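Peer 1: Below is one structure. I have some questions about it.
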Amino acid sequence: MPELPEVETTRRGIAPHLEGQRVSRVIVRDGRLRWPVPEDLDIRLSGQRIVQVSRRAKYLLIQAEVGTLISHLGMSGNLRLVEAGLAALKHEHVDIELESGLALRYTDPRRFGAMLWSHDPHNHELLIRLGPEPLTDLFDGERLYERSRGKSIAVKPFIMDNAVVVGVGNIYATEALFAAGIDPRREARGISRARYLKLAIEIKRILAYAIERGGTTLRDFIGGDGKPGYFQQELFAYGRGGQPCKVCGTTLREIKLGQRASVYCPKCQR
């Protein structure tokens, strides 16, 4: 699943080609996504100039002169730029054609993504309850500590809760907990303020670095400029269950935690 760095990489890849451009038409080949693509999307968006491409959590917001397209990549979706009129392959569901001759093409084999229309995106039901962005001053270790009081759930699903902080998905939660030396199974309420301060620093560092490197290359992710990300080869824990820890050599353990695979080092993480 594309996580925050992948979505931000996509935003940075497509924004320069979209902002300031006028939409010539929208082609919806198959609108059966997680929520149906609006049947009148072509009417709503065609002829409008794209003002800004921004991101909130893992949602891309393509703001037009009137209204905003909210896009989510789901489990396997991607947005990339192609020449307008290029023949579509299977799973290439939507094209937003621009007067420049390019088209923003949405591909989603599993159909878990979304393309929705809103005149007030930040108050949309999918966005209004989201927590702070992790790379802003609104998120820090103090917030983690305060929100964790009384929480008996494990720390890993706690930091993956979008009401606590957005965009810390399975990959980056695993890596941040490894870097902070925290066992992902520990109860959130049992972790000290000092350790949460360290964890917040690592979340920010790892996400920022992943964005700089272009996200994490997994099976289905392609950046908005058509290039893959490069962070995967630098993972310390995620996907490395049964392999030696890169720090101490201890065999990494893989467990199920909150319905997700979680890998940790029994020596480095306490």
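Cβ atoms here come from the backbone N, Cα and C positions, even for glycine.
Swiss-Prot feature annotations, pasted as is:
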- Pro2: active site, schiff-base intermediate with DNA (ACT_SITE)
- Glu3: active site, proton donor (ACT_SITE)
- Lys58: active site, proton donor (ACT_SITE)
- His91, Arg110, Lys151: DNA binding site (BINDING)
- 236-270: zinc finger (ZN_FING)
- Arg260: active site, proton donor (ACT_SITE)
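Have a look at these and tell me how they're positioned relative to everything else.
Peer 2: When Cβ atoms from all protein chains are considered, those within 10 Å of Pro2 (active site, schiff-base intermediate with DNA) total 28, not counting its own.
DSSP gives Glu3 (active site, proton donor) a coil state; it is part of no helix or strand.
Every protein chain considered, the tally of other Cβ atoms within 10 Å of the Cβ of Lys58 (active site, proton donor) stands at 21. Annotation note: Lys58 (active site, proton donor) sits in a coil segment as assigned by DSSP.
Taking Cβ-Cβ distances under 8 Å and a sequence separation of 6 or more, the neighbours of Lys151 (DNA binding site) in its chain are Phe158, Glu187, Ala188, Arg189.
A Cβ distance under 8 Å defines the sequence-distant neighbours of the zinc finger (236-270), meaning residues of its chain 6+ beyond its ends; these are 153-154, 156-157, 160, 170-171, 174-175, 177-179, 181-185.
Taken residue by residue with DSSP, Arg260 (active site, proton donor) is part of a strand.
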Peer 1: Within the zinc finger (236-270), count helix residues (DSSP H, G, I), strand residues (E, B) and coil residues, in that order.
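Peer 2: So the zinc finger (236-270) is made up of 0 helix, 12 strand, 23 coil.
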Peer 1: Between Lys58 (active site, proton donor) and Glu3 (active site, proton donor), what C-alpha distance do you get in Å?
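Peer 2: Answer for this pair: 7 Å between alpha carbons.
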Peer 1: Are there any residues in the same chain, six or more apart in sequence, whose C-beta is under 8 angstroms from the C-beta of His91 (DNA binding site), and if so which?
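Peer 2: Non-local contacts for His91 (DNA binding site): Thr107, Asp108, Pro109.
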Peer 1: Which state, by DSSP, holds Arg110 (DNA binding site): helix, strand or coil?
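Peer 2: Going by the DSSP assignment, Arg110 (DNA binding site) belongs to neither helix nor strand, so it counts as coil.
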Peer 1: Where does His91 (DNA binding site) sit in the DSSP three-state scheme?
Peer 2: coil
Peer 1: Look up Lys151 (DNA binding site) in the DSSP assignment and report helix, strand or coil.
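Peer 2: In three-state terms, Lys151 (DNA binding site) counts as coil.
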